[in-house]
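The block underneath contains the structure these notes are about, expressed in structure tokens.
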Amino acid sequence: MSRTWIRNPLAIFTANGLDAAGGLVVEDGRIVELLGAGQQPAQPCASQFDASRHVVLPGLVNTHHHFYQTLTRAWAPVVNQPLFPWLKTLYPVWARLTPEKLELATKVALAELLLSGCTTAADHHYLFPGGLEQAIDVQAGVVEELGMRAMLTRGSMSLGEKDGGLPPQQTVQEAETILADSERLIARYHQRGDGARVQIALAPCSPFSVTPEIMRASAEVAARHDVRLHTHLAETLDEEDFCLQRFGLRTVDYLDSVGWLGPRTWLAHGIHFNAEEIRRLGEAGTGICHCPSSNMRLASGICPTVELEAAGAPIGLGVDGSASNDASNMILEARQALYLQRLRYGAERITPELALGWATRGSARLLGRSDIGELAPGKQADLALFKLDELRFSGSHDPLSALLLCAADRADRVMVGGAWRVVDGAVEGLDLAALIARHRAAASALIAG
């Protein structure tokens, strides 16, 4: 692949403090050189891209999502419900999911993410009703088609209503089925090393939808194959009450009891922790995905990011949903994180750079990846470029701050592994209008039953 100079950006955020005011050089899918202001590339470049009207970021990394939920956005019966009633109302609808509907939902979620500057996305898929046993295979095909990177987690629910869990019986699976499929997916799809496009993690859904046995067994499989672990934890006080009543343990004690407290694990939400639990999470190096939009939408609470980071727990961001956000937009999620965390910690402490760092380098750490999430020689050439020429940016002065403060919501250019996947604000090779029409029809059919 020829060398390309992304030249003289309006502003650039490297996520590591390195100077790249003069741009960067891409070759063979990687960044090979950062340039200071006025510097020229060390070797000739076959092509140049004038970035003088663009703010350049590392490709954003989304560390918690449920792609299938794009089919149930803004559904009236759940608009004003908190988490547990929200789930109980939606479970029967989601149980009607089919491979065709999942493919459309996944494509919509990934296209929306890509257009928002996201190049890597983790999805937590835990629904495998009859006929949808190959759900992760469906998702892997869409990831390849759109040319993104993904951490596809093999979620699971094994604790149904009849045994004291939250989900209805038609949405749960036996432990043997879950573990066999986990092994199959790791063998078939999990790529290792720099530049991996698809990786697999194991993700029993939550304390109120899986048994301790499947948590322990999943941890053993993950350790044996050196893959990561993911689950929802400490999202609501209802969940905390469930753990106390069923297990006699608070959430972090429960996590520890099933062998999950460690650096292999990242958790979605992580809101309701006391000081001792924060200390233990930090010492273990367990990561936390902050989902500000979802947490506000469901009135769940505010993640204690500052204390968690100070204790040693990595922090990343996730859009969650898309029935609890209800968008799949990573640059807007960084804005939400900025504002929600300022509400807790004050304006001086939570800066745009901190929020963007969570959305890039921090999120990459949650996924165990050191090759993405920042701009430096040797890193993957995953880039998000935003123009500031819309009405909302008129009168802004600091380009990097303007991305979040003025609510940027769509990238002009996005590069994944050295290849442009978004050009002039459109996904390459994707008929978006046709996709929207098919997706809307599928969403209506799902609700209608």
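Every residue gets a Cβ built from N, Cα and C, even glycine.
Fair warning: this is a prediction, and the values are worked out from it, not measured in the lab.
When Swiss-Prot records H64, H66, H269, D320 as binding Zn(2+), the matching candidate from H225, H232 it lists for that site is H232. Swiss-Prot names Q69, H269 as substrate ligands; from the candidate set E100, E235, E239, the record adds E235 to that same site. Note: H232 (Zn(2+) binding site) has non-local neighbours H124, C205, S206, E239, L267, A268, H269, i.e. same-chain residues 6+ apart with C-beta under 8 A of its own C-beta. Scoring each of the binding-site residues (E235, D320) by how many neighbouring Cβ atoms lie within 10 Å, the top position goes to D320. Apart from Q69, E235, H269, the residues listed for substrate, the same chain places the Cβ atoms of H64, L83, H232, A268, C291, S294, N295, L298, S300, D320, G321, S324 within 8 Å of the centroid of those Cβ atoms. Taking a C-beta cut-off of under 8 Å and a sequence gap of six or more, Q69 (substrate binding site) has these contacts in its own chain: W94, A105, G321, S322, A323, S324. Residue density at H64 (Zn(2+) binding site): 30 other Cβ atoms are found within 10 A of its Cβ, drawing on all protein chains shown. A coil conformation is recorded for E235 (substrate binding site) in the three-state DSSP classification, outside any helix or strand. If you draw a 10 Å sphere around the CB of H269 (Zn(2+) binding site), it holds 27 other CB atoms from the protein chains shown.
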